[in-house]
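Chemist: Take a look at this one; I'll ask things after.
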Amino acid sequence: MSFLKSYFAPGKSQDEGEKKGHGKNKSVVIDTGLNHFSDGGPAPTPTPNFSIPGTPMPRTPMGSRPGSTYRSSLYPTGDFRNARESLIDVKADVMCSWLYQQQLERQYATGILPGEGVVLKKGKNNYACCPPQLQDMKDSLYDMAIELNVRCAMTINTRVINVILSSRRSTYEYIPLPDGLRLQVLPTMRELPRCQKHHFAAFIQDLQILVVWDDEPKKVLARAEALERQLMKMIWGTGDDEEDEVDEKGEKITSGEVSVTPIDLEAATDAPDRRIKLTSALTVALTVALSISTLGIGYRALAFEIATDATYARLALVVVSPFQLWVGYFFFQTIIINFFEIFGPISAVSRNSKNYSGAPPKRLDREYHTLPHVTIQMPVYKEGLKAVIVPTVQSLKQCISTYELQGGSANIFVNDDGMQLISPEEAQARREFYDENNIGWVSRPAHNPNPQDGEQPFLRRGKFKKASNMNYAMMVSNRVEDKLAQTQRLSTWTQEDEFAAYEQCLAEVLQDDEGRTWAEGNIRIGDYILIIDSDTRVPEDCLLDAVSEMEQSPDVAILQFSSGVMRVSESFFEGGVEWFTNLIYSAITFTVSIGDSVPFVGHNAVLRWSAVQDAASYHDEDGYEKFWSESHVSEDFDMSLRLQCAGYTCRFASYTGEAFQEGVSLTVYDELARWEKYAYGCNELMFHPFRYWLTRGPITPLFRKFLGSSIHLPKKITICSYIGTYYAIGASWIITIFNYFLTGFFYGLYDKYYLDSFAIFISVIVVFTGFGNVALAILRYRLNQRSLLGAFWDNIKWIPVISIFLGGLSLHVSQAILCHFFSIDMTWGATAKEVEEVNFVEEIPRLIKRFKGTFVFCFGSVGLIVAGIYGFPEAWRITYVASIFPLAWLVACHFLLPVVLNPALMVFAW
């Protein structure tokens with residue numbers, strides 16, 4: 001009953017929840033200083049998941065190795081030093097001494113040999129070390145840690161490490177570890193600044209030691225322990241006394257060289273056959289048949305009436321039949337899909353097909369395949385650094401560490417649209433955080449359509465700025481690549497030369513922009529792009545599966561992953577949105593697994609960079625190549641259509657479960673804006689504004705291209721039906737008011753072809769609220785995701801919230817559609833990622849300002865209903881329940897939506 005309690009209790013953020021009774025599970029948040037040392041106490045004992053793969057050989061010129069210490073950005077950086085700097089220095093020295101003491105106690109160092117010790121970061125280019133002699137040694141751990149720019153580093157010099165490195169005879173640049181993981185080996189300490197940083201460790205061959213580093217000083221010891229266990233497990237195995245395998249002759253099988261022929265390699269790399277599922281085509285056929293049959297019942301009524309009174313004028317009602325089929329298709333599709341969820345086959349959910357992956361693919365063999373480079377692209381705006389960006393980056397670093405240790409390479413590419421808009425202090429904090437975590441980033445100028453004296457105009461195009469933000473950052477990256485392509489590379493070209501050339505090219509690009517563009521770090525784009533939002537959590541081991549799947553299926557341009565929800569508060573509204581989001585992903589998983597079209601939601605997806613360049617690039621008045629549509633609000637839908645029209649396919653992967661996590665709307669304002677944006681985006685993809693109908697026609701070129709493309713007909717029908725749902729929602733308030741007068745004034749006299757709103761309301765309740773929730777619960781039970789009763793209760797308890805929300809959408813959706821049709825400007829800001837503390841008094845004025853039009857409609861409709869009962873002439877009074885109830889329900893939902901679903905109001909906090 002916690003969801004009911006949350007109606008009357010203040011919503012709490014996760015941080016507040018951790019403070020209350022969860023101290024033992026408190027995690028230390030990384031920041032740009034050393035404030036987390038204030039936690040004190042002994043080093044934490046939990047062992048991190050130290051996954052270790054990878055050949056550290058560079059796949060692309062940059063990989064994920066740290067950038068040069070030379071800074072290419074031209075914008076000024078002030079000195080924003082912490083007032084408690086001296087206190088932080090003392091804490092850092094104490095922590096460094098404690099770590100060195102632990103290092104000696106655990107015999108990770110002899111205490112005699114030079115070069116052993118611990119290095120700890122105090123601030124930018126300011127480090128503490130123990131023993132102090134490290135600071136005076138040339139090319140020691142102290143110097144290399146500064147260049148590597150890590151928070152804490154420690155040497156490990158044990159007998160086990162010495163024996164492993166001294167007996168090493170392989171020419172490979174790695175030491176194998178369990179689970180197919182590999183840890184890099186560097187010739188000398190001098191190579192450390194250009195190592196794969198996300199390995200978090202490296203063997204040093206000449207010194208015969210191991211260097212371990214971590215973002216949190218307290219965890220470096222745990223990381224070293226985990227690595228030590230990995231090494232012993234690799235050497236001695238699990239410790240089980242298993243008998244040696246023997247062959248048919250009874251001889252012991254020993255490991256040795258295995259001869260591999262080209263035929264063997266070809267057979268090993270063949271991707272499994274992925275068949276096209278036709279179950280979805282069957283559901284589409286049944287849906288079309290059901291839709292036409294119900295339409296035929298209406299035609300039958302018309303035929304009887306014409307036969308009775310010979311009035312053919314009523315045949316004009318047939319004109320609305322296409323619109324009826326379009327907006328009603330989703331209703332009938334839900335009926336068919338619900339039957340398939342209850343009685344149909346479900347094995348497809350756990351299997352792989354042409355456009356669906358229910359099981360992980362066969363992973364690429366690193367011995368014969370160079371793992372491709374992956375760029376993780378993350379657009380950000382003004383989100384909080386500590387509350388939003390830092391946790392996301394922590395998740396990404398674990399993911400990159402796993403992929404690099406598996407032999408791949410990856411980099412984080414942040415498109416920071418807020419860097420030049422926030423305060424200098426906040427910008428500096430972001431910049432230092434990006435620098436410390438090896439993050440490449442690009443920031444464009446502020447929107448400046450009317451420049452002052454000496455300024456240059458700059459337009460941040462688009463109603464939703466995400467597309468233009470990514471386009472600008474990718475443009476800067478491409479300009480750097482163009483300059484690098486002109487670089488002459490000699491036969492003696494080294495990785496250091498590549499880094500130097502990159503830094504020079506980036507500096508030239510920034511210089512050409514005369515300080516308008518800010519950028520640092522590795523902004524090059526790899527073979528694949530994992531696009532995420534700033535409030536995302538990513539599975540630790542997902543990149544190798546993703547690139548394996550993309551490499552085995554060259555026709556796939558987008559691999560969309562299923563996602564769970566990341567809660568940041570305990571509010572009932574966020575809980576309702578979470579339930580609805582999970583419902584959507586459950587429906588997507590089932591329908592796509594049986595062959596339906598794949599949705600691209602714009603995040604938690606892997607894109608093939610070559611396909612985007614091939615099929616999605618265009619030029620506009622800005623004069624540079626762009627990829628994401630800036631003229632469409634739904635840039636993800638547009639990208640998906642363009643790629644599929646070009647012959648590429650999309651695929652949906654559910655084998656990660658809910659490991660990918662995304663943030664949802666925290667307020668009713670953001671959720672309404674999201675629905676408005678979707679409605680506006682669908683309308684602009686399909687129709688031109690009215691003013692262009694005479695010159696360009698009503699249908700857009702993209703949609704005409706979509707209709708004539710090679711995309712399978714059933715998928716075209718389902719995509720069109722998805723778009724039709726927004727028109728059905730948007731038209732409901734208009735139809736309901738029309739129904740009020742029609743059925744009220746002519747009750748029982750109107751044409752039998754007309755189905756009144758009360759009948760439609762009952763149908764919606766039965767199909768969606770009733771049958772839909774039953775089918776969803778049974779499906780989750782059949783898939784072993786929930787118990788049957790638990791699934792039923794989870795669905796039932798959110799019916800009031802979802803019913804009010806969906807019932808109150810019509811005015812807002814129609815507003816978005818009409819704004820596009822009439823070319824009325826409509827913009828949306830970024831979705832809030834953090835809980836905003838707003839009390840009752842502050843919320844009321846904001847509520848009235850945002851929903852004043854809705855409240856006017858509600859009070860006017862209530863007045864209309866009252867007048868219809870008591871004020872109209874007696875012969876024209878409307879007193880029928882079937883006429884009044886649909887309008888009353890519509891008004892109630894529109895009024896309750898911003899009030900009851902607003903936690904800031906319902907908690908009555910002052």
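First residue shown is number 1, and so on along the chain.
Glycine residues also receive a Cβ, built from the backbone N, Cα and C atoms like all the rest.
For reference, TrEMBL lists these features for the protein:
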- 1-26: region 'Disordered' (REGION)
- 39-67: region 'Disordered' (REGION)
- 91-245: domain 'DUF7928' (DOMAIN)
- 278-299: transmembrane segment (TRANSMEM)
- 311-332: transmembrane segment (TRANSMEM)
- 528-740: domain 'Glycosyltransferase 2-like' (DOMAIN)
- 726-750: transmembrane segment (TRANSMEM)
- 757-778: transmembrane segment (TRANSMEM)
- 798-823: transmembrane segment (TRANSMEM)
- 854-872: transmembrane segment (TRANSMEM)
- 878-901: transmembrane segment (TRANSMEM)
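Mind running through what each feature is packed against?
Modeler: Confidence over the domain 'DUF7928' (91-245), given as mean pLDDT on the 0 to 100 scale, stands at 87.
Within its own chain, the transmembrane segment (278-299) has Cβ neighbours under 8 Å at 318, 321, 324-325, 328-329, 332-333, 335-337, 340, 344-345, 348, 591, 594-596, 712, 714-715, 717-718, 753, 755, counting only residues six or more beyond its boundaries.
The list of residues near the transmembrane segment (311-332) in space but at least 6 beyond its ends in sequence, with Cβ under 8 angstroms from a Cβ of it, reads 287-288, 290-292, 294-295, 299, 302, 305, 717, 720-722, 724-725, 727-728, 731, 751, 753-754, 763-764, 767.
Here the transmembrane segment (726-750) has Cβ contacts under 8 Å with residues 326-328, 330, 678-679, 682-683, 756-758, 806, 809-811, 813-814, 816-817, 857, 861, 864, 868, 876, 878, 880, 882-884, 886-887, 890, 894 of the same chain, all six or more residues outside its ends.
Sequence-distant contacts of the transmembrane segment (757-778) (same chain, six or more residues past either end, CB-CB distance under 8 Å): 331, 334-335, 337-339, 341-342, 583, 586-587, 735-736, 739-740, 743, 786, 788, 791-792, 794-796, 799, 803, 881-883, 885-887, 889.
Beyond the transmembrane segment (854-872), the same-chain residues lying 6 or more positions past its ends with a Cβ under 8 Å from any Cβ of the stretch are 733, 737, 740, 744, 811-812, 848, 878-879, 884, 887-888, 890-891, 894-895, 897-898.
Sequence-remote contacts of a segment are chain residues at least 6 beyond its ends whose Cβ falls under 8 Å from one of its Cβ atoms, and for the transmembrane segment (878-901) they are 573, 576, 668, 672, 732-733, 736-737, 739-741, 743-745, 747, 756-758, 760-761, 801, 803-811, 847, 850-851, 854-855, 857-858, 861-862, 864-865, 868-869, 872.
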